[in-house]
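Enquirer: What follows is a structure written as structure tokens; I'll ask about it next.
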Amino acid sequence: MLYLQLLIDGVVSGCAIGIVSISFSYFYATTGIFHVAHAGIYTLSGYLAWWMVGLGTPFAAALALAILAAVVVGYLTQRLLYRPLEESGATPLVLMIASIGLLTVLQNVVAILFSPNIVQFDLPWRLSHTAIGPIALSLPQAILGVLSLLLFAGLVLFSHHTAAGKRIRAVASNRELAEITRLDPKRVFAQVLAISSGIVAVPGVLVGVDQALQPYTSLLVLLTAVVAMIAGGIGSLTGAFGMSIVLAVIQSLSVAVMPGRWSVAAVFGTFILFILLRPEGLIRSRFSRAI
Amino acid sequence: MNYFLSFVILAEIFSILAVSTNLLMGIIGIFSVAQAAIMGVGAYTTAILMMAGTPFPLAMLAAVAVCAAINVLSSLPALRLAGDYFIITSFGTQLVATAVFINWQDLTGGASGLSGIPVVEIAGAGFPTAREFIVLSSLCLILVAAGFWLLMRSPYGRLLHAIRENEVAVVAAGRRVLRAKVGVSAVSGACAGIAGALYATYISFIDPMSFDIHVSVLVVTMLVVGGARTLAGSIIGPFLLMAIAQLLAVVDIPSTIVGPARQLIYGVILIAFMLWRPQGIAGKRL
């Protein structure tokens with residue numbers, strides 16, 4: 001029964017990582033920018049919601065406002081940082097170093113404005129459990145799981161069945177062609193980063209409710225998500241989401257055979273095996289971005 | 001006076017680490033955000049050996065060898081696979097190293113670290129305080145800098161520049177790119193090992209926090225501010241950023257905010273340089 005519980009816990013945290021993974025992947029596959037600062041937006045939205053709940057805002061409103069704030073920050077990041085850099089002919093390395101700079105800024109702004117210590121949401125319902133047979137599921141876990149699946153399905157539908165989603169995929173697959181057919185890649189990039197940032201705010205807040213908030217841990221979440229993205233095949237949202245769940249389950253189950261503190265090593269060990277054996281990912285990507 | 005000497009010694013140690021990062025990022029174009037972890041391996045190796053009674057020169061030599069080997073191992077994926085995969089392996093190396101420093105308690109002392117690392121003694125001469133130690137650290141920096149300067153002006157250095165500019169052309173010209181890259185990774189690791197050995201013996205206390213991801217990012221910032229690819233850049237950057245940290249210590253702000261405030265300033269500097277002067281103060285375009 002312990003294994004079943006670990007499995008379920010793994011699936012739920014895999015859903016959260018999966019959302020981080022698809023939102024990162026969505027921007028990365030479109031622009032090729034390694035947006036490390038995504039982790040900073042994750043942290044920022046969690047703390048914003050925590051701060052608003054502390055002021056007495058109802059949780060749903062706090063979540064919505066945190067998402068809105070993330071959308072704004074994401075949009076501004078593209079407009080004020082990545083776009084000027086790309087216009088000045090910066091290499092991917094320079095873009096990524098700038099992104100690391102932004103991550104550092106966001107994390108420390110959070111640490112200074114709110115708290116450098118671990119904080120927990122002051123919500124009585126976060127500890128209530130529902131038992132399904134022998135498995136215990138906390139309320140935040142249940143909300144997280146359901147919202148993650150909805151977001152995943154929503155993003156896939158948006159990407160394939162709406163005009164805006166198709167425009168984004170067109171820009172992703174051929175930027176030059178998009179430029180001459182007046183799809184305006186620069187505007188599309190800002191939209192994509194706004195969407196991605198809004199999506200990543202959801203696990204940013206809900207994982208914080210379920211566990212706790214800490215300014216500097218989000219990078220590990222992002223890296224696990226990126227590992228899942230690469231293993232799932234870049235550009236494949238389903239691959240990224242599925243691999244996130246697989247990775248999180250491995251991480252969760254590994255607690256049964258070795259001390260939990262070594263689980264980081266387990267994830268990255270799995271990853272290194274993966275790149276050695278199957279560099280193109282589990283599901284071969286249709287995107288031919290050089291990686 | 002001692003305060004100033006201590007600042008110079010630390011800046012010199014970070015200059016050596018910046019040279020190590022420069023070899024990877026500036027010279028052959030392999031992104032690395034794990035140099036603090038490699039330096040940490042050097043520091044722990046030196047500390048453990050010296051606490052077991054090994055003399056400093058031998059311990060340092062061992063640290064250099066271990067770091068060179070680990071740096072080659074950790075950059076092996078980048079040598080074979082281009083681009084973004086290595087970003088992840090590099091971050092991954094850093095995270096795994098920190099996890100090992102914290103969790104391998106029998107060897108590293110866990111989160112509380114190792115304290116009471118013996119004072120350096122070479123052929124009867126001791127280096128107990130900053131006044132003596134500065135001779136040792138300056139000597140090491142001069143050696144590393146001279147090595148870097150000579151390497152860049154050798155035919156081997158020209159080969160390395162050519163690899164970064166156009167790898168395919170170098171392969172077509174019949175040069176062994178992989179061997180050259182492995183060589184540079186080893187030299188880069190060796191530099192990090194020297195920095196680690198000096199750090200451990202000067203501070204006489206090390207813990208996992210001294211070599212975490214923030215330190216790696218700081219080294220990247222130092223390199224970018226000073227300017228990648230040049231020797232001057234690897235020295236200007238560390239001295240400048242360490243000076244900023246010292247100035248901040250003088251300003252009156254709450255002690256809980258000092259760490260984040262310093263990090264925040266580093267982040268802003270990093271973004272500003274990328275936007276307006278990506279080549280740094282004395283470097284060439286990345």
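Glycine too: its Cβ is placed from the backbone N, Cα and C atoms.
The transmembrane segment annotation in TrEMBL covers A:6-29, A:59-81, A:93-115, A:135-158, A:188-207, A:219-250, A:262-279.
For each feature listed, report its degree of burial, its nearest neighbours and the pertinent distances within the displayed model.
Expert: Residues 35, 38, 42, 135, 137, 141, 144-145, 148-149, 151-152, 155, 159, 168, 172, 192-193, 195-197, 199-200, 202-203, 206-207, 221-222, 224-226, 228-229, 232, 234-237, 240-253, 255-256, 287, 289 of the same chain lie 6 or more positions beyond the ends of the transmembrane segment (A:6-29) yet place their CB under 8 Å from a CB of it.
Sequence-distant contacts of the transmembrane segment (A:59-81), counting only residues of its own chain at least 6 positions beyond either end whose CB sits under 8 Å from a CB of the stretch, comprise 37, 41, 44-46, 48-49, 52-53, 98-99, 102, 106, 123, 189-198, 200-202, 204-206, 209.
Sequence-distant contacts of the transmembrane segment (A:93-115) (same chain, six or more residues past either end, CB-CB distance under 8 Å): 33-37, 39-41, 43-44, 47, 50-51, 73, 77, 81-82, 85-86, 215-216, 218-219.
Same-chain neighbours of the transmembrane segment (A:135-158): 4-5, 8-9, 11-12, 15-16, 18-19, 22-23, 26, 125-129, 164-165, 195, 199, 202-203, 206-207, 209-210, 237-238, 241, counting only residues six or more beyond its ends whose CB sits under 8 Å from a CB of the stretch.
Sequence-distant contacts of the transmembrane segment (A:188-207) (same chain, at least 6 residues past either end, Cβ-Cβ under 8 Å): 13, 15-17, 19-20, 22-24, 26-27, 30-31, 35, 38, 41-46, 49, 62-63, 66-75, 77-79, 82-83, 140, 143-144, 147-148, 151, 155, 164, 167-168, 171, 178, 218, 221.
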